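Residues or ranges marked as transmembrane segment in TrEMBL: 12-33, 53-74. Positions annotated as domain 'PIG-P' by TrEMBL: 12-123.
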Amino acid sequence: MSEHSPAPTSSRSVYGFVLYLGSYSLLIMYLIWAYIPTPWLHALGLTYWPQKYWAIAVPVFVCCSLFIFALLIYPGINLVMTPSLASLQTITDEYTRLPKPAVPHSIPPIYDLPISDVCRKLYLKRKTY
C-alpha cells in the first residue's frame, strides 16, 4: 500500500485513537475547570489552574478571530490571488481544451468556448456574426 494513501493503516489508526482520547480528555478537563468552583478545586489540591476569566476569554477570542478571518482576511486573500480581468490567465490556462476536428454527423467533442464567442453571444445586439 502506498505511503500517502488515505486508506487506514495501523499507525494512522493508533494516532487517530490517541488524538480522539486526548481531545476528549482536554475537553473534560476544561469543563471541570470552567464549571467547578475554585474552592472545590483547591480542596482537591488543584491550585495551579488559571483564573476563571480565561475560561470565557479564550473561546471568545478564538470565535472573534475566526469571524474576522472568515469575513475579512479570507476574502481579501481571494481578491489578492485572483488575476485581473485584463489578464490572459482569466481566459486561458494550461488546462484549456481547444476544439478538435469532429467526425461529420457525430456528437462534437467537449471544448472550452472562446471568450470572443461568448461575448458576441451575450453582449452584441446586432446579428452580424
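Each residue, glycine too, has its Cβ placed from N, Cα and C.
Sequence-distant contacts of the transmembrane segment (12-33), counting only residues of its own chain at least 6 positions beyond either end whose CB sits under 8 Å from a CB of the stretch, comprise 41, 49, 52, 55.
Long-range Cβ contacts of the transmembrane segment (53-74) within its own chain (Cβ-Cβ under 8 Å, at least 6 residues beyond either end) map to 30, 33-34. Averaged across the domain 'PIG-P' (12-123), pLDDT for the predicted model comes to 89. In the domain 'PIG-P' (12-123), the DSSP tally of helix, strand and coil residues is 71 helix, 0 strand, 41 coil.
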